[in-house]
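Taken from Swiss-Prot as is:
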- Cys52-Cys58: disulfide bond (DISULFID)
- Cys56-Cys65: disulfide bond (DISULFID)
- Cys311-Cys344: disulfide bond (DISULFID)
- Ser46: O-linked glycosylation site (CARBOHYD)
- Asn209: N-linked glycosylation site (CARBOHYD)
- Asn260: N-linked glycosylation site (CARBOHYD)
- 71-91: repeat 'LRR 1' (REPEAT)
- 92-115: repeat 'LRR 2' (REPEAT)
- 116-139: repeat 'LRR 3' (REPEAT)
- 140-160: repeat 'LRR 4' (REPEAT)
- 161-184: repeat 'LRR 5' (REPEAT)
- 185-210: repeat 'LRR 6' (REPEAT)
- 211-231: repeat 'LRR 7' (REPEAT)
- 232-255: repeat 'LRR 8' (REPEAT)
- 256-279: repeat 'LRR 9' (REPEAT)
- 280-302: repeat 'LRR 10' (REPEAT)
- 303-332: repeat 'LRR 11' (REPEAT)
- 333-357: repeat 'LRR 12' (REPEAT)
- 1-16: signal peptide (SIGNAL)
Amino acid sequence: MRLVLLFVLLLPVCLATRFHQKGLFDFMIEDEGSADMAPTDDPVISGFGPVCPFRCQCHLRVVQCSDLGLERVPKDLPPDTTLLDLQNNKITEIKEGDFKNLKNLHALILVNNKISKISPAAFAPLKKLERLYLSKNNLKELPENMPKSLQEIRAHENEISKLRKAVFNGLNQVIVLELGTNPLKSSGIENGAFQGMKRLSYIRIADTNITSIPKGLPPSLTELHLDGNKISKIDAEGLSGLTNLAKLGLSFNSISSVENGSLNNVPHLRELHLNNNELVRVPSGLGEHKYIQVVYLHNNKIASIGINDFCPLGYNTKKATYSGVSLFSNPVQYWEIQPSAFRCIHERSAVQIGNYK
């Protein structure tokens, strides 16, 4: 009789549909009727493994607790967690001990909460954390004592008004830094704040109130995005030392001049975005630049194009040909431009002119 009863109890388990994960955030079991399961106030226990916080989904060391209206970080998170997703909740504070025992965590997603305070010791246990996403919160400053293992920090759409050098000290592994859409001013960026970030390759400080290129940017930088700010001019000092820079975004500012020699400081530049500014002429130095391929100058006040503005005086001195030059929505008339001004551009479709109103 006991054997029959045991067989009856085990039969549903044997016939259960297997879970097939299709992607990193695919946590739903494709099983008909699974949505009819009654919720429980008890934590979910999977086999003999760690407890999964109530209402969260746990699989393959990924813990997803997003879109649950949480007001604090769940307790008793599985210690083997490598990715913790807490986005789209109502968390206001990150406290010391919230991430205790999560020594294997690689990615922490805290996007779109109401976080205004982070304890200086909150991230202390996270010795292996590589990606920290803090965007769309209420932070006034970046937290101190961020893990030295970090490679990516994203904190756009906060209330950050200061960037202190001490915050970035020791963050030698950071490659990506995103700080756009914050009430940040040039005076709020401490001189040399980013110098200690020896591997920093990508930085975006767009849609803020800065009026100049931050000083002391590391030479490792390959992409610098400063679009949508209040920068009025580019001087040579602002680009000094950026010998590895390949992409520079300065669109939607108020730039009226680019100092002579500025582009000499970025010898490996390939893309220059200066559209939607107040330029009255093509920046000097483009003709002599060997590697630049894309130049966006549309929506400015350029009234004339010089014969040597884009191409060098001699032939075969430019190592890379242009793949895109945009000049539309400028006062210059296309019939006033000498054809030889584009003599180093092999594809006619690479040049866009006209449509000025």
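Cβ from N, Cα, C; glycine included.
With a cut-off of 8 Å between Cβ atoms, the residues of this chain six or more beyond the repeat 'LRR 3' (116-139) that come close are 87, 92-96, 98-110, 145-147, 149-160, 173, 178. Taking DSSP states H, G and I as helix and E and B as strand, the repeat 'LRR 9' (256-279) has 4 helix, 5 strand, 15 coil. The Cβ of Cys344 has fewer other Cβ atoms within 10 Å than any other of the disulfide-bonded residues Cys56, Cys311, Cys344. Long-range contacts of the repeat 'LRR 11' (303-332) within the same chain, counting only residues at least 6 positions beyond its ends with a Cβ under 8 Å from a Cβ of the stretch, are 270, 275, 280-282, 286-297, 338, 340-347, 350-357.
Straight-line distance linking the Cα atoms of Cys56 (disulfide bond) and Asn209 (N-linked glycosylation site), rounded to a whole number, equals 39 Å.
The closest partner of Cys344 (disulfide bond) among the recorded positions, by CA position, is Asn260; the full candidate set was Cys52, Cys58, Cys65, Asn209, Asn260. When secondary structure is read from DSSP and collapsed to three states, Cys58 (disulfide bond) falls in the strand class. The secondary structure of Cys52 (disulfide bond), as reduced to three states from DSSP, is extended strand.
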